[in-house]
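Noted in TrEMBL for the protein shown:
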type: SIGNAL; residues: 1-20; note: signal peptide
type: BINDING; residues: 35, 254, 258, 296, 297; note: Zn(2+) binding site
type: BINDING; residues: 35, 128, 130, 249; note: Mg(2+) binding site
type: ACT_SITE; residues: 77; note: active site, phosphoserine intermediate
């Protein structure tokens, strides 16, 4: 009888502890966006790994999001990223503004106003549509000069990616935009090795004139940049006694989909998977950290049809097929890990996902 009472007492304590963990406030957000990554792309990654689990398989929460834009069933990256960043719809081609041209405050801008440290790490140019949606407000996603002006004004603490050519353009306040960042106290680096020396502060690390090379040609840039950004943001967050928000994009999954190139896509997915793993490792050792992995849309209309060799030979090849060279209207997955991972579930609009994340971070 005493053993039974002891068992139920221990069980109740464990349950109470788990409940307390679930209610723990979310202090840090690592927001990973696989550009063009639908469920079929995740299945491609899993198929390529065989019996080895992917980072996505470690998720503690799962949801699905609808992706249409304000003016089309099939979104582009500008409209989708604006929805994921701000919780509001806009038309294709627009960045950080509503269809009438009014600025939409992003969660990154809200986080910065709340005193949080904020950062971006991508494999495209920093002025590309997805990263731009977190700091810029322009009617045309291709207006990279206006986007660069907004980047300078945004105050984003940590920046890793490409786009050096535009940053080298003349700045209205004198010199180049690179010079202007230096005057504002940023370490301007052209290699990860330089940024690796920082434990806090502000850094602009641009390693390519435009986009970075396709995987695997850029090595481990994205997972390494993510770890570096997390270290710097952690130091800044501790100094401010606040949390941080880091947005990371696997930018070129989308480009492989547009090219209908399965080998390239597999390489990009593996690179992104390693990046997600780095984020999850950080969450494991840092209570209060939520990892959200999702996509802006699916690209390529990828399918993995059955093949007779799949059933007759254990080493049979896999047949990947694309139905389009553009985006599709399918829903895309959301994977969650860490503190608060159980608090976002179900089928929702991409704007609802952003609003729920901001609610967890208590961003006004």
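Cβ atoms are placed via backbone N, Cα and C, with glycine included.
The structure, with features from TrEMBL marked on it.
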residue	record	CB count, 10 Å
35	Zn(2+) binding site	28
77	active site, phosphoserine intermediate	28
128	Mg(2+) binding site	26
130	Mg(2+) binding site	26
249	Mg(2+) binding site	30
254	Zn(2+) binding site	28
258	Zn(2+) binding site	16
296	Zn(2+) binding site	30
297	Zn(2+) binding site	29
Closest by Cα to residue 249 (Mg(2+) binding site), out of the binding-site residues 35, 258, 296, is 35
Excluding 35, 128, 130, 249 themselves, which residues in that chain have a Cβ inside 8 Å of the centre of the Cβ atoms defining the Mg(2+) site?
33, 77, 81, 122, 124, 129, 131, 250, 251, 254, 296
Collapsed DSSP category at residue 249 (Mg(2+) binding site)
strand
Which binding-site residues from the set 254, 258, 297 come within 10 angstroms of residue 130 (Mg(2+) binding site), judged by C-alpha positions?
none
Would you mind pulling the DSSP three-state label for residue 128 (Mg(2+) binding site)?
coil
